[in-house]
Amino acid sequence: MWSAVQYRRLGKQVERDWNRRHNGKEFAEDADANVDVEAGNRVKSPRTASSPSTLRSVSDSRTSTERFDHSSDQTPIGEKEHQGSNQGDRVSEKSSTADGSRSDNDNEKILVELEGESDPLDPCNWSLRSRSINIAVLSFLIFAQGWAGAADSMANESISKEFHVSAVAENLSQSMYLFGIGSGCLIVGPLSETVGRNPTYLVSSLCYMFFVLGSALVHKFGGQVVCRYFVGLFASATLGINGASVGDQFRAVKRSFVFPVIAWANVAAPMMAPVAGGWITSDPKLGWRWCEWITLIISAAAFIVAFLFLPETYLPVLLDWKAKHLRRVTGDDRYQSKHAEIPSLAKRVKQVLPMSVTFCTTEPVIVVLGAFLVLLYILMYSFLSGFEYIFKKR
């Protein structure tokens with residue numbers, strides 16, 4: 001919703017700016033025409049101004065503007081012919097325009113770019129208040145989807161009894177959640193850079209809630225495992241590209257103050273969810289399914305807040321919006337953005353998928369950090385699964 005409002009506001013702003021520049025250009029042309037008419041009257045009014053010197057001055061006044069406009073034509077004739085013969089084989093030097101775009105020739109595209117470093121279209125130039133609200137909304141969304149990973153960790157015994165499987169087999173539901181996150185992170189990066197951050201967050205969150213609902217209503221162990229995998233798969237969008245959203249809105253120095261907030265949201269949910277899940281499971285009137293219902297309620301609240309207040313922050317997409325509005329306002333299809341030239345999603349995914357193998361085989365730093373993160377996840381979720389065995393009275 002907010003991204004749609006953002007799109008319309010940008011369109012109105014582009015239209016206002018274009019009308020202001022267009023009207024100002026017409027006013028300047030009218031003023032120049034009036035000056036030319038007055039100058040011509042002043043020259044022609046004296047009857048005695050028919051001497052050769054006077055005629056030469058009038059001719060010079062008429063052609064001075066043409067000589068100024070075509071000063072580039074003072075190239076020797078041989079060089080002109082050489083340049084004209086090679087015009088189709090070279091790219092002319094780009095010139096900046098007033099709307100932040102760059103054009104080559106009349107027949108070539110006009111590249112839409114930022115109008116300087118202080119362009120309000122750049123999310124890094126938004127007010128600190130609006131960016132802080134965006135980070136708060138994003139943190140709420142991260143918290144809600146991180147909650148799903150550990151909400152039913154204390155209900156392992158109850159679920160295994162209802163589905164008639166062992167407690168060890170029931171741990172597969174949490175494992176599939178993590179496997180879904182790992183497999184989804186390979187796709188959500190290229191996806192968010194193709195369609196934008198906002199659609200990736202919202203569509204994946206909506207699909208995520210459907211599978212949380214399925215986890216609450218399922219009556220077979222296989223169905224629960226499948227639902228838990230897709231819960232992790234669609235939660236990976238929020239958990240995988242939140243750092244990119246921070247990078248969209250904050251420059252390098254200020255990011256170090258924002259990343260701890262995002263990290264807190266990632267850690268707080270798995271820390272608090274088992275406590276609430278233990279209370280819910282221990283109540284015979286509620287049962288383990290209410291762990292999923294509570295997860296769905298929190299996720300729905302986060303989705304509504306994100307749907308209403310989370311804007312688009314990926315700058316290439318914003319420039320693509322601006323190019324679309326310029327084409328609509330001017331009727332000129334030459335306005336294009338660099339984002340329109342990117343490869344398709346399938347090609348981008350094909351390029352990204354081998355990178356994980358390449359990095360793990362060629363970059364020791366990534367191997368060490370990745371192994372450390374794997375160890376942390378193993379310890380955290382093993383502790384959640386083993387909490388019942390360690391501390392429960394038998």
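Cβ from N, Cα, C; glycine included.
Quick look at what TrEMBL annotates:
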type: REGION; residues: 15-107; note: region 'Disordered'
type: COMPBIAS; residues: 15-28; note: compositional bias 'Basic and acidic residues'
type: COMPBIAS; residues: 47-62; note: compositional bias 'Polar residues'
type: COMPBIAS; residues: 63-83; note: compositional bias 'Basic and acidic residues'
type: COMPBIAS; residues: 84-100; note: compositional bias 'Polar residues'
type: DOMAIN; residues: 132-394; note: domain 'Major facilitator superfamily (MFS) profile'
type: TRANSMEM; residues: 133-150; note: transmembrane segment
type: TRANSMEM; residues: 200-218; note: transmembrane segment
type: TRANSMEM; residues: 225-245; note: transmembrane segment
type: TRANSMEM; residues: 257-281; note: transmembrane segment
type: TRANSMEM; residues: 293-310; note: transmembrane segment
type: TRANSMEM; residues: 365-384; note: transmembrane segment
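Contacts between the transmembrane segment (293-310) and the transmembrane segment (225-245): absent, as fewer than 3 C-beta pairs lie under 8 angstroms at sequence separation of six or more.
Remote same-chain residues near the transmembrane segment (200-218) are listed as 138, 141, 145, 148, 188, 191-192, 224, 227-228, 230-231, 234-238, 241, 289, 292-293, 295-296, 299-300, 302-303, 306-307, 310 (criterion: CB distance under 8 Å, separation of at least six residues from the stretch ends). Only residues 6 or more beyond the boundaries of the transmembrane segment (257-281), in the same chain, are considered here, and those with a CB under 8 A from a CB of the stretch are 135, 138-140, 142-155, 158, 239, 242-243, 246, 250, 287-288, 290-291, 294-295, 380, 384, 387. Beyond the transmembrane segment (365-384), the same-chain residues lying 6 or more positions past its ends with a Cβ under 8 Å from any Cβ of the stretch are 149-150, 153-154, 174-175, 178, 270, 274, 359.
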